[in-house]
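Taken verbatim from TrEMBL:
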- 6-148: domain 'Lactate/malate dehydrogenase N-terminal' (DOMAIN)
- Gly12, Ala13, Ala14, Gly15, Gln16, Ile17, Gly18, Asn106, Gln113, Val130, Gly131, Asn132: NAD(+) binding site (BINDING)
- Arg93, Arg99, Asn132, Arg163: substrate binding site (BINDING)
- 157-318: domain 'Lactate/malate dehydrogenase C-terminal' (DOMAIN)
- His188: active site, proton acceptor (ACT_SITE)
Amino acid sequence: MAQTPVKVTVTGAAGQIGYALLFRIASGQLLGADVPVTLSLLEVPQAVKAAEGTAMELDDCAFPLLRGIEIADDPNVAFDGANVALLVGAMPRKAGMERGDLLEANGGIFGPQGKAINDHAADDIRVLVVGNPANTNALIAQQHAPDVPAERFTAMTRLDHNRALSQLAAKLGVPVTEIKKMTIWGNHSATQYPDLFHTEIGGKIAAEQVDESWLRDTFIPTVAKRGAAIIDARGASSAASAANAAIDHVHDWVNGTEWTSAAIVSDGSYGVPEGLISSFPVASRGGRWEIIQGLEIDAFSRERIDASVRELEEERDAVRKLGLI
Ligand code: NAD
Ligand code: LMR
């Protein structure tokens, strides 16, 4: 029997991440090489024509798994029947801006999109927010979707996770595949905490294989400020690596993994206030993220996790003040 295609809605489809993402979804890398998809592209009216151009190129690839493309400028249309929603559409920060500067500019996008998801998406909808500030935008969308289980709203810290893997692999001269149990905690921002105290290489703790000064003064800031370094070098924010991380996040959510990092709604684990969308070490089993429990958190890690979580609380309070939640 022919399999029903999975409907994947991508917002900001005409943007630079959209361009790096759509072809990989259509080729089967998001959900699996045997899963047909339809794509729904959401854009602002002035970018619909550019999205139509991307759709023409998608057609021209004759992807065997791509069963249809829709383009809309209305979230109620774009999310109708969606099974997966990738919320990418938002302004990227420019040189010299912090992600917090985007709260007001981008926050307003995510309430109406959350409501449209609430009212029109399929029952099994899974949402990944990429547009910055991703954690708080995900919170805004989730708060506007009271009929969707909160656990279906997530934000992307997989790019930070992948950056941390690469930095550590280069330092120790090992392939990234040798590194297990990497964790990003907190916000997708400069306060994030990449944790090497539970990371293992050949069964040994990574933090014990590097100098403390490298860990503290090089590794953590390099990972946490990598987005700004890319903006500085490229003159534009990361795009292909961000699209790659979005593919990894959804692929693992649907197909399962024993350990990665994702920003999900806190259940109070590790002292992170319930309801905040914060990055944790997670596994995915049966299509659901689970926070990995029972890790010992020492004073060094505690201080850094708490600082990032405090920033998330401040962002939440700021969007509350703006009337966005
Ligand atoms: P871009 O400017 O190239 O594209 C953004 C697109 O979104 C544009 O085409 C714009 O028209 C569209 N858009 C704006 N408002 C919209 C709305 N209401 N509905 C639908 N579409 C809308 O930007 P980009 O480089 O693709 O980046 C997109 C976002 O992703 C930025 O906020 C950026 O900071 C963020 N980002 C996040 C991560 C992460 O790890 N979480 C990494 C890289 C970039
Ligand atoms: C990134 O991490 O590359 C993005 O979030 C872009 C940014 O604003 O840092």
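Numbering starts at 1 and runs along the chain as displayed.
Keep in mind that glycine also has a Cβ here, set from the backbone N, Cα and C atoms.
Gly12, Asn132 are the binding-site residues among Gly12, Gln113, Asn132 whose C-beta comes within less than 6 Å of an atom of ligand 1, given in sequence order. Among the binding-site residues Ala14, Gly18, Arg93, Asn132, the ones whose Cβ sits under 6 Å from an atom of ligand 2 are, in sequence order, Arg93, Asn132. Residues Gly12, Ala13, Ala14, Gly15, Gln16, Ile17, Gly18, Asn106, Gln113, Val130, Gly131, Asn132 are listed as the NAD(+) binders, and the farthest two of them sit 20 Å apart at their Cα atoms. When the recorded positions Arg93, Asn132, Arg163, His188 are compared by Cα distance to Gly12 (NAD(+) binding site), the shortest distance belongs to Asn132. Straight-line distance linking the Cα atoms of Arg93 (substrate binding site) and Gly131 (NAD(+) binding site), rounded to a whole number, equals 10 Å. Close to Arg163 (substrate binding site) in the fold, though at least 6 residues off in sequence, lie Val223, Arg226, Ser241, each with a CB less than 8 Å from its CB. Among the recorded positions listed (Ala14, Gln16, Gly18, Gln113, His188), His188 has its Cα nearest to the Cα of Asn132 (substrate binding site).
For the recorded positions Arg93, His188, the greatest number of Cβ atoms within 10 Å around a candidate Cβ is found at His188.
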